Amino acid sequence: MILSCRPRATSYVLRIRRALSGRLRSMGADEATPLVASEGGWGDLRAEAAAIGGMAWKVSLATFCRLCVTTISTAFLGHLGTKELAAGALAGSFIGALRVLNWAFAVSICTLCGQAYGAKNYELVGTWFQLGLLGLTLLSVPVMVVYFYVGDIMSIVTDDAELLLLADTYARYSALSVWPQAFYVALRQYLQAQEILTPTTVIDTWSVGVVFGANYVLIYGVGSFAGLGFIGSPLAAFVAAVFQPTALFLYAFLYKGYHKRTWGGWSWAVLNPAYVARFASLTGAMFLNLALDEWAYNVVAMVAGALGGINLAANSIVFNIWMLGYGVFAGFSLPIQVRISHALGANQPRNAKRTLLVGFVLGALSSIVTVLGVVLFGRPLIGVFTSDEAVVDVILSILPMFGLAMAFSSFHVFLSAVIEAMSLASTLAVISGVGSWFVLLPASYLFGLTLRGGLAGLWWGSVLGEGAKFVLILLALQRLDWRVIAAQIAAAQESSAAGDDDETALHKAMELDLHSPAAAATPAFV
C-alpha cells in the first residue's frame, strides 16, 4: 500500500512544482520589481481607490461601533468613579492579553478564506471557516477558566486590595462573553473574506445602542429595578456579545443565505491533517506576532498601574481613544488584506501591489486626520470618559506623544495587512518582537521609570517602538518578490481542490514549495 501510494504523491508534488514554474515563466519580470513600481494607469488607480473606499467606510463604521462596545462600558465605569475605572482597566489589561487568541484566529480565517475565495475554490473557504470556528470553541474553555484568577495574577503589579477585588469581580463576569465573542469573530471574518460587509456593519452599529442601553439599565436600573452597579458593566458587555453573533447568524445566514456558495455543510473531512497543520501553523505564527505586539502594551498598562490609580485610569482612557482610532484604521487595513489575498490567490501580483499603494495612501490620510482630531479636540473627548480633573490633566499632557505613536502604529497596521495576506506570519513576528520587546519596552522603562518621566515617558517609548516597527516592515516589503509569492499561493489553492486522496501529497508539497504552511520560515525575498 505504501509503495503504491508513493508514486502518486510524488507526481502530485511534481504537478505543483510544474504549475509554479509555468506561472513564473508566463509572468513578466516587472512583477518582481519593488512595491512602489508602476501599478497601472490612473483609471486603474481610481478604480482601486473606489473599491477600497467602498469597503473602507463599511469596515470603519462596523469596527468603530464594535469597539464602542468596550469604550461605552469604560465611559460608564469612569462616571461611577476613578477606582471603578482603574479596576476595569487592570482587569482589561489581562483580558486583552488573552483576546490575542481570538485575533490570531481572525487573521487566519480572513487570510485563508480570502486566498481560497480569490482562487474560486469555494469549498475550501467553508473548510477554513469550520476549522477556525472549531478551534475558537475549544480554546474558549481554558480562557474562561483563567478569567477566574485575574485577581491573583494581577496582585503581582499592585497590592491595593480593593482594586484587586474589583478587578477580579469584573473579570469573572466578563468570562461569560468569551465564547459569544469567539463565535462572532469566526462568522464576521468568514463573511468579510468574501467582501460581504453590510451585515456586520449594520449589526455592529445596532450594538452601540444595545450596549449603551444595557449599561444604563444594568448599572443604574430602571423603574423598580435598582440596578447592579459595578457588575452591570461586564454584564452589559455580555448582552452585546450575545446579540452580535445571534443577529448576524439570523440575518446573513438564515435570511440572506450568504453562506450557500461556500458552505458545504459540517464534515469530519475538515480535520484532514494537511488542513489542520496549515491552519494551526498560520494561527500559531499569527498568535506569536500579535502576542509580541499587543502584550508589550499590556506590560505598559501594568507598569502604569504601578504609577498609581490616576495614571492607570488615564492610561485606560488613552487606550480606549486609541481603540476608537483603530476603528478608522481597520477600515483600510481589512480591504488591503482581503483584496491582496484575492489577487494573490488568483496569481495577480500586479493587482496586489496596486491595492497596497492605493490602500496605504488612503489609510495614511485617514490616520493623519484622525490623529489631528484627537490632539485638537482632546478635552471634550476625554470628558466623555471622566470628569476627574486630575485624570484629565494627565491625559492632556501626553496627547502629543500619544498622537505620534498612534500615527506610526496605523502605518504599521496598513503594511501588516499585506504581510498577513501573504501568510508570512513569522516575518511579522520578528518585526513585532524587535519593535515591541527590544525598542518599545526598554525605551518605556527608561523614560518612564528610570528617568522618572511617568506616563509621558511610557508613551515616548511607544513612539520609538511604533516607529521602529513601521521602518522594519517597510524594509521587509521592499525586498519581497511578489511574483514568487503569488505563484506559490495560487498553486496551493489549486492543489487544495484536488480531493481528499491527494491531501497528504498536498501537505508535502506545501512543505517543499512554501517551506511551511505559513510560507514564513524562508520568505521569498529578492
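The backbone N, Cα and C atoms fix where each Cβ goes, and this holds for glycine too.
Curation does not apply to TrEMBL; its annotations are automatic.
The transmembrane segment annotation in TrEMBL covers 100-119 (among others). Sequence-distant contacts of the transmembrane segment (100-119), counting only residues of its own chain at least 6 positions beyond either end whose CB sits under 8 Å from a CB of the stretch, comprise 125, 127-129, 132, 135-136, 139, 143, 181-182, 185-186, 188-190, 192-194, 262, 278-279, 282-284, 286-287, 290-291, 294-295, 334, 337-338, 341-346, 420-421, 423, 489-490, 492-494, 496.
TrEMBL lists 131-150 (among others) with the feature transmembrane segment. Counting residues 6+ beyond its ends, the transmembrane segment (131-150) has Cβ neighbours under 8 Å at 91, 94-95, 98, 101-102, 105, 108-109, 167-168, 170-172, 174-175, 178-179, 182-183, 185-186, 189-190, 270-271, 275-276, 279-280, 283 in the same chain.
The transmembrane segment annotation in TrEMBL covers 208-229 (among others).
Under the heading transmembrane segment, TrEMBL lists 235-254 (among others). Counting residues 6+ beyond its ends, the transmembrane segment (235-254) has Cβ neighbours under 8 Å at 66, 69-70, 73, 76, 173-174, 176-177, 180-181, 183-184, 187-188, 191, 196, 199-200, 202-204, 206-207, 210-211, 214-215, 217-219, 228 in the same chain.
What TrEMBL lists as transmembrane segment is 275-292 (among others).
Positions annotated as transmembrane segment by TrEMBL: 355-378 (among others).
TrEMBL lists 390-415 (among others) with the feature transmembrane segment.
The feature transmembrane segment is assigned by TrEMBL to 427-447 (among others).
Same-chain residues lying 6+ beyond the ends of the transmembrane segment (459-477) with a Cβ under 8 Å from its Cβ atoms: 35, 293, 296-297, 300, 318, 356, 398, 401-402, 404-405, 408-409, 411-412, 415-416, 418-419, 427-428, 431-432, 434-436, 439-448, 453, 523. Residues or ranges marked as transmembrane segment by TrEMBL: 459-477 (among others).
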Six or more residues out from either end of the transmembrane segment (390-415), which same-chain residues have a Cβ under 8 Å from its Cβ atoms?
82, 310-311, 313-314, 317-318, 321-322, 325-326, 329-330, 332-333, 336, 356, 359-360, 363-364, 367-368, 370-372, 374-375, 378-379, 382-383, 435, 455-456, 459-460, 462-463, 465-467, 469-470, 473-474, 477
